[in-house]
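So that you can see what the record holds, here are the features copied from TrEMBL:
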- 1-29: signal peptide (SIGNAL)
- 30-153: domain 'Beta-hexosaminidase eukaryotic type N-terminal' (DOMAIN)
- 65-112: disulfide bond (DISULFID)
- 175-492: domain 'Glycoside hydrolase family 20 catalytic' (DOMAIN)
- 285-336: disulfide bond (DISULFID)
- 331: active site, proton donor (ACT_SITE)
- 511-528: disulfide bond (DISULFID)
Ligand SMILES: *[C@@H]1O[C@H](CO)[C@@H](O)[C@H](O)[C@H]1NC(C)=O
Ligand SMILES: *[C@@H]1O[C@H](CO)[C@@H](O)[C@H](O)[C@H]1NC(C)=O
Ligand SMILES: *[C@@H]1O[C@H](CO)[C@@H](O)[C@H](O)[C@H]1NC(C)=O
Ligand SMILES: *[C@@H]1O[C@H](CO)[C@@H](O)[C@H](O)[C@H]1NC(C)=O
Ligand SMILES: *[C@@H]1O[C@H](CO)[C@@H](O)[C@H](O)[C@H]1NC(C)=O
């Protein structure tokens, strides 16, 4: 940063403008920014003793609704942390009689026991007036989003009293799919780290946890059908695995926060760890006429591979309730297939010539067909499209490759496919400075194409690949950097184009994350009222 003292007059004028907009922006203290938000300077005081959540009389959900009962409990503690910690100084409430404040929640459809899915309505309206707030939504998932916004509107003055201003919000997400990828193969992430990530995701209104659960380095998923996969393929068969009950906890923790869990079982590449517990699955590589002892991608030429994949996918369908499953399909190296005489014979028989992309196509098409037969929607990485494969029309394509993603968005949507954008949000890559601004500048629908094509972009994903990430640095690397994409995917682009205007609101939100116990790294020089205390 330059020293402002050396700046010339026009620059000063500019700074003044920034200061003014900072002040205006503080009014919009919700991250991600709601579609419509009107706040006034009419202030209500709140006190934990006289505060309650309740179900509206016309609400389809009433007491006993698992998702909302739990959310009321959670948000009470979030809004009144001092009170919950028992260190509340009761004195402050003796100066004035505390006024009652009631948050009344009404949802149109019950659905308290279901799971959020691709077509879940997350819209909500929130109206805060004297002594009450009225939150209306179509589903319980929308109510969760509204409770989150409500919690961000409450603030404390220097004496510790709580306030909320009169506010009107009409809100809904811009994109239905707002994902975050964690990689639990390159490093094992303990269960608590995953659960905490889900908490923080809900604060930013992310709604999909893309669980890249297995890969080359390790296979921590403990399969009921194929226990040897983790027995032999995990870093450790007892300490570095996700048991069935661990997976159920993740899915339930996510459900309670309106988050879908989509597992990725990436094949035919990225499967070295699978081979340890499943003999004859991987292709033996050859050196000349003899096997070299090393293995390549899944062997797409033998029936046993497809029988295995079908059993595994059946189990995945049974364990993971979401209607989507990620099948990977990226970065397949052809060298090993090429070296293997059986594979070459198979290529000839199938008429693939020497084009190994055809072999990969054949494999992926079989797996996608299998998934469709199980009534699940496949997501695959962009490689599968780049190979010109026949792809079932409802398959979702995910873009991960670098700088040319606009052209890829154009091509994929032109072919009529739904698309997820991840390439500009690989935030495992770090650099000095405020790199959240790059994430914030992304315009997912700014590519050449028709309006129909633009609608095929269903959302995007922040990716946190695990080469250099484990539970020691996961949270500071994710937060608040992931929040930039969260706002891009939720909010109106027109209202959120300017990162300088967003900055003070993001700073405030980052402080709020600290207050909630998320170890979010600093954005720049400054301080928070409640610093992270390491406890
Ligand atoms: C809330 O009301 C107070 C007191 O009237 C006012 O000073 C403040 O600017 C308002 N805050 C917002 C976010 O509108
Ligand atoms: C929220 O308000 C908008 C605009 O007034 C209205 O169209 C919509 O139906 C409302 N949604 C709910 C869930 O009440
Ligand atoms: C297939 O899945 C959809 C939604 O995921 C569900 O509504 C439908 O009932 C399922 N069909 C069958 C035959 O299971
Ligand atoms: C996948 O299903 C389509 C449509 O039923 C079929 O034409 C195609 O041959 C199948 N592909 C493979 C590799 O089984
Ligand atoms: C879309 O992107 C192009 C080039 O990247 C840029 O020049 C243009 O201003 C962007 N459009 C909008 C509406 O911001």
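If you go along the chain as it appears here, the first residue is 1 and each next one adds 1.
Glycine is no exception: its Cβ is also placed from the backbone N, Cα and C atoms.
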Could you measure between residue 528 (disulfide bond) and residue 331 (active site, proton donor) for me? Cα positions, answer in whole angstrom. 43
Taking the Cβ of residue 528 (disulfide bond) as the centre, how many other Cβ atoms fall within a 10 Å radius? 16
Once the DSSP letters are reduced so that anything not helix or strand counts as coil, what is residue 285 (disulfide bond)? strand
Using a 10 angstroms cut-off on Cβ to Cβ distances, just flag whichever of 112, 336, 511 is the loneliest among these disulfide-bonded residues. 112
Nearest-integer angstrom distance between the alpha carbons (Cα) of residue 112 (disulfide bond) and the residue listed as 'active site, proton donor': 40
Could you count the residues of the domain 'Beta-hexosaminidase eukaryotic type N-terminal' (30-153) that DSSP puts in helix, in strand and in coil? 41 helix, 35 strand, 48 coil
Integer Cα-Cα distance in angstrom, the residue listed as 'active site, proton donor' to residue 511 (disulfide bond): 39
Out of 65, 285, the listed disulfide-bonded residues, fewest other Cβ atoms within 10 Å surround the Cβ of 285
If you average per-residue pLDDT over the domain 'Glycoside hydrolase family 20 catalytic' (175-492), what number do you get? 97
Residue 511 (disulfide bond) versus residue 65 (disulfide bond) - Cα distance in angstrom: 31
